[in-house]
Ligand SMILES: Cc1ncc(COP(=O)(O)O)c(C=O)c1O
């Protein structure tokens, strides 16, 4: 079979062991996205699903989420406060235990012990909570090391903690920039060298598991071990890694990690976030006081992190729950956690190993098609892939840098064709096929439209171009994608 044709993509879908999981999701149609007026009913099927390659930003809604939310609302309506103590149907734990159950179900996704995971707050709030606990500057070790192009929240959070401790960020914040100014990739050896250069004065490192802009998957295990060998604690922002790559946070000895659940975890915009604290840091030992002056790691605390057996005694002596749960602040929204649980039900249909296996194949297929294309090979550099080409160094996302001036024209065509990707101005498109709901045929269809759009934008002819023609003659069957 011709490996460059759509039939090959369809054959890959046929063989895909995860193919049925797509049915677990609501895929918006072209009409959903663009409205009826944008559809030419004589030409195309308005119920055609869009091609959604934006799970790195906001994952799609699982079919079962609405039902679970409805069940939760029924539980609240019919049980009132007693809903805290009774299981409502087979899927909804008592409100009081919903955080605990969600943490248990999340643990295998991040490779953690259940006691090392808490579902709470937002990602940014959890960065602050972890910095409050893990950044304990001394006269000698006061620096925090992050990447120069860190997500703004991470940068702001680190900067604010430095100031909070009376440090000057210009001195105390070490920014790791790519060694090669023409590449946005952070080379591991370069990170090691930076750690060495600042080892004596650095208290903490915060890095991304998968970098949001480039899609680079950093060597979490190796970098963690290196930081520890220099006596430095290290935390990971896993916003773009969780549910995307298979993680082994406990075995990798990661000190702490945080993530949001609305990207590859499909729990809805702004849903409750996640936190990992290695069991080494979660001990509570009031007898020996060996884990800090109070017998546990210092933290910002609230009643929901306090020992469950005394939680309702309303005393004033804070004794934390051992593990990540002891970092919780207040009573979490059971409604919000219901959407996380619904998504975790879908993850329980497979494993992170199987998800990652498909992801490597799916994004590898996308990379292969783009690398073979004329636009990529053209001496004009119509676009280049800035994500590492080595599958071990990337997750689902490929970031493609367009020649200056092309981005808006290309995005317009993609939007008209109901292809959802996201952009990072001035000229990067992030394309993330999610292994739970995307197909090889969608990758193939995307590439046809993308290639034609780049070619036409480059030639300055995108205005008025017929979108069917843009898809090219190979794109037959486009309207029948399921
Ligand atoms: C890498 C990274 N860090 C932090 C955040 C901030 O997350 P939140 O707004 O949920 O706190 C995001 C959001 O997309 C992110 O991608």
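Residue numbering: from 1, along the chain as shown.
Quick reminder: no glycine exception, Cβ is built from N, Cα and C everywhere.
TrEMBL labels come from automatic prediction, so no person has curated them.
Remember, it's a predicted structure, so these values are computed and weren't measured experimentally.
Per TrEMBL, the candidate among 76, 303 that belongs to the pyridoxal 5'-phosphate site alongside 123, 124, 151, 152, 153, 154, 237, 240, 262, 331 is 303. When the record's pyridoxal 5'-phosphate-binding residues 123, 124, 151, 152, 153, 154, 237, 240, 262, 303, 331 are compared pairwise by CA position, the greatest distance found is 31 Å. Sequence-distant neighbours of residue 151 (pyridoxal 5'-phosphate binding site) (same chain, six or more apart, CB under 8 Å from its CB) are 208, 212, 237, 239, listed in sequence order. Less than 6 Å separates the Cβ from ligand 1 in the case of none of the recorded positions 262, 263, 331. Across the structure, residue 123 (pyridoxal 5'-phosphate binding site) and residue 263 (N6-(pyridoxal phosphate)lysine) place their CA atoms 12 angstrom apart.
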